[in-house]
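See below for the structure under consideration.
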Amino acid sequence: MRTMLGRTLREVSAALKQGQITPIELCQKCLSLIKKTKFLNAYITVSEEVALKQAEESEKRYKKGHSLGDLDGIPVAVKDNFSTSGIETTCASNMLKGYVPPFNATVVQKLLDQGALLMGKTNLDEFAMGCGSTDGIFGPVKNPWSFSKQYREKRKQKPHGDNEDSDWLITGGSSGGSAAAVSAFTCFAALGSDTGGSTRNPAAHCGVVGLKPSYGLVSRHGLIPLVNSMDVPGILTRCVDDAAVVLGVLAGHDCKDSTTIQDPVKPFMLPNLTDVSKLCIGIPKEYLVPELSSEVQSLWSKAASLFESVGAKVIEVSLPHTSYSIVCYHVLCTSEVASNMARFDGLEYGHRCDIDVSTEAMYAATRREGFNDVVRGRILSGNFFLLKENYENYFVKAQKVRRLIANDFVNVFNSGVDALLTPTTLSEAMPYLEFIKEDNRTRSAQGDIFTQADCRQ
């Protein structure tokens, strides 16, 4: 079973076309593994009946020789902040617990149109506000690597407390459920969302590939918004080539999302980079921060050396406004959060309290019961920055700094640099008990320090 589930998306797609396995058999294997790895808490909802029905339809197509493409019959998972028709979408929050959308997000529909099998909805930080996947109402997600032989041997060498039940690593976040689902072989690809690192961060911690496509390349329609000007549907797979396959399906203009690019997009193909001698790789000097662990720094240097060893040019570059990115991101993020969360008032959908003294009392109680401390804190911060007396000093200034940060990247790429090579996180995945010692803002600042600066569009 593990042999087939451990293959890449392209490999298992070829196996389906050659009749080595059927979509129903593949679906059943993934469902069985989902049940066996339930302790990871990667899934909020497992859509077993839906997946099996989709597998039956896929099998009929294969028997007729009418495969829809590389994704036909391939099990996938979707982060639980994407709308899925007829399947509960909660954002891991009491505010949306029980909410069943009447439509599919565009990216979900595109996957289904290509014959993908929806295994379920994955766990996350509440409303995607976090970098550990520990703050949702359904409990934290456990990193599959916590249960590997390597980690167990490593832990034996270190003294640890009496609480063995919490002796596991975080997945990162906020798309930790999707990263864990892919890492644990319960699906071959998963959708996450990425605002300031929420796909790339957990991908790094779980040892999978995490891609945040360029803003506007993939439709946000049906993704419950956190920060409209930064949110992008993310892709998690087990290899880069698989991510390219999924991106080729998802990319393109969507009339339901005015921020998507207007020109038709050809299917994304991974370029053949057997010769990288003409590439110029930039190493941002501002990313060499004191908090960077020695292990990550060593691997960063090793990766740069590998490029040099095959003829690429590796140079130091400067992104001078990087140090302002965290504060800038906090102001802009919380301001848009305050605006987006205003829609959850208990009137049209989602949670509604039992208080009926007045409309204002109902609003207040509904939001107090529906949101956790992290969400309420960001709403308060955002409303403060958007006050008339604060708007110019905070929000407008942050927008100006955002432009300066964007110009840093433009200047570097205009100088002849083809790509930047940077770490994703400061360190390896942290033990859960260490992670929860810090408050959410500190965790986010540390966890997304290398991924917030590029939220610059």
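Keep in mind that glycine also has a Cβ here, set from the backbone N, Cα and C atoms.
Please treat TrEMBL annotations as automatic predictions, because they have not gone through curation.
Annotation comment: TrEMBL describes K79 (among others) as active site, charge relay system. Cβ neighbour count for K79 (active site, charge relay system): 32 (other Cβ atoms within 10 Å of its Cβ, all protein chains included).
Around S174 (active site, charge relay system), the C-beta neighbours below 8 angstroms that are at least 6 residues distant in the chain are L124, D125, A128, M129, G130, C131, S133, G192, S193, S198, P202. Look at TrEMBL and you will find S174 (among others) tagged as active site, charge relay system.
The Cβ of S198 (active site, acyl-ester intermediate) has 37 neighbouring Cβ atoms from other residues within 10 Å, across all protein chains displayed. Look at TrEMBL and you will find S198 tagged as active site, acyl-ester intermediate.
Residues annotated as domain 'Amidase' in TrEMBL: 28-147 (among others).
Over the domain 'Amidase' (170-451) the predicted model carries a mean pLDDT of 94. Feature annotation from TrEMBL assigns domain 'Amidase' to 170-451 (among others).
Residues or ranges marked as region 'Disordered' by TrEMBL: 150-170.
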- Task: Provide the three-state DSSP residue tally for the domain 'Amidase' (28-147): helix first, then strand, then coil.
- Result: 44 helix, 19 strand, 57 coil
